[in-house]
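J.: Encoded as structure tokens, here's the structure I'll be asking about.
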Amino acid sequence: MTLSRSSRSVDVDGAQPYTITIAPGLLADGARLASHVRGRHALLLSDSQVAPHYAAGVRAALSRARPDLQVGELVIAAGEASKTLETFGSAITALAELGATRDACVFALGGGVVGDLAGFAAACWMRGVDCVQLPTSLLAMVDSSVGGKTAVDIPQGKNLVGAFHPPRAVIADTDTLRTLPARELRAGLAEVIKYGAIRDPLFFQWLHAERRALLDGDAAALAQAIARSCEHKAEIVARDPLEKGERALLNLGHTFGHAIETEQGYGAPGNDNLNHGEAVAVGMVLAARLSAALGMSDVQDTETLRALLHDFDLPTEIPPGLTPQALLARMRLDKKNIAGRLRLVLWRGIGKAEVVPDVEEAAVLEILAG
């Protein structure tokens, strides 16, 4: 696809403000990349799918702009299965071997897994160094690269070990979407749909109208979707950077979705397990069904959401082989829970999400059982 040369930017306000820049060709802009490195050391963290396409170009761009810059590189295996304490340790070792000081910078070149790992390593190395997010997937551009939530998974659950560490900048080169597999594009669109579902009915309607263009990779439609999604997230993160309240709304479908991901053993390139966006799509439908069962919303709203996700070729049902009891056990470990009670993001219809602090497990089990 061809992309407009116009650039869009979204400012994220707060104690540590930064800018999200959205445009084609940004990875070749060495001056822009290097401007965020305060010292003489940078670590480029990428994965086995992304690095062959873009890592050499990023390193060359940095070297042209800053010949004095020492750039290390770590390439991890692609997929959620790499988001572990062991891989995190490899990133820390890479920083140590580079001789990175407190003015070093970690560049996260990849999707959500790379962004989470790089951000967490940056948060921990010498108690915090800069991280610049270079998202190459739609999901990372609209969600995981923005807001400073970083984490790794453990066998007991997803994102249970992590830190809040806002990036120094988010630089989203939309040219990278050209090499994004169709399945990963659809996964990112699930997170885009989420923004309409939680707070923007007009955006929800726009997504329905533009669904064909988005699935076909239309540059203008994708740029609009990315910018609008980032605007929504930036507004929420600025008001609630540490997820003490409103920011939890961004997790619509995630408690159910994370349970599915964890119970399946996480998706990876080439396997049939749901990836993150697909699991969130199923989770949003489950959250909508639970909302209707609790009398919070109309069943027709649930069907409207399910139909839109289906139109984007996203799953809407729990994969076979996962029991309600096993999924509920995973949900009990969700970070949003308080005092051992399920705390879920539900809704009162399209654009009207809210946090429900004490949801009965029996009601959840009934939804999980179908």
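In case you wondered, yes, glycine gets a Cβ from its N, Cα and C as well.
So Swiss-Prot says this about it:
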{"type": "BINDING", "residues": "Gly112, Val113, Val114, Gly115, Asp116, Thr136, Ser137, Lys149, Lys158, Thr176, Leu177, Arg178, Thr179", "note": "NAD(+) binding site"}
{"type": "BINDING", "residues": "Glu191, His254, His276", "note": "Zn(2+) binding site"}
J.: Specify all same-chain residues, apart from the site residues Glu191, His254, His276, whose Cβ lies within 8 angstroms of the center of the Cβ atoms of the Zn(2+) site, ordered by sequence.
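T.: Checked against the 8 Å cutoff, the neighbours are Leu139, Asp143, Ala190, Lys194, Gly253, Gly257, Gly277, Ala279, Val280, Gly283.
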J.: Sequence gap of 6 or more, C-beta under 8 Å: which same-chain residues meet both conditions with respect to Lys158 (NAD(+) binding site)?
T.: His258, Glu261, Thr262, Tyr266
J.: Compute the C-alpha separation of His276 (Zn(2+) binding site) from Val114 (NAD(+) binding site), stating it in Å without decimals.
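T.: A Cα-Cα distance of 14 Å.
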J.: I need the CA-to-CA distance for Ser137 (NAD(+) binding site) versus Glu191 (Zn(2+) binding site), whole Å please.
T.: 12
J.: Other Cβ atoms within 10 Å is the metric here; tell me which of the binding-site residues Ser137, Thr179 scores highest.
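T.: Ranked by Cβ atoms within 10 Å, first place goes to Ser137.
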J.: What are the non-local neighbours of His254 (Zn(2+) binding site), defined as same-chain residues 6+ apart in sequence with CB under 8 A from its CB?
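T.: Set apart from His254 (Zn(2+) binding site) by at least 6 residues yet with Cβ under 8 Å, we have Val280, Gly283, Val345.
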J.: Measuring Cα to Cα, tell me the gap between Gly112 (NAD(+) binding site) and Glu191 (Zn(2+) binding site) in whole angstrom.
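T.: It is 12 Å, counting Cα to Cα.
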J.: Among the binding-site residues listed here, Val114, Leu177, which has the most company in the form of other Cβ atoms within 10 Å of its Cβ?
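T.: Ranked by Cβ atoms within 10 Å, first place goes to Val114.
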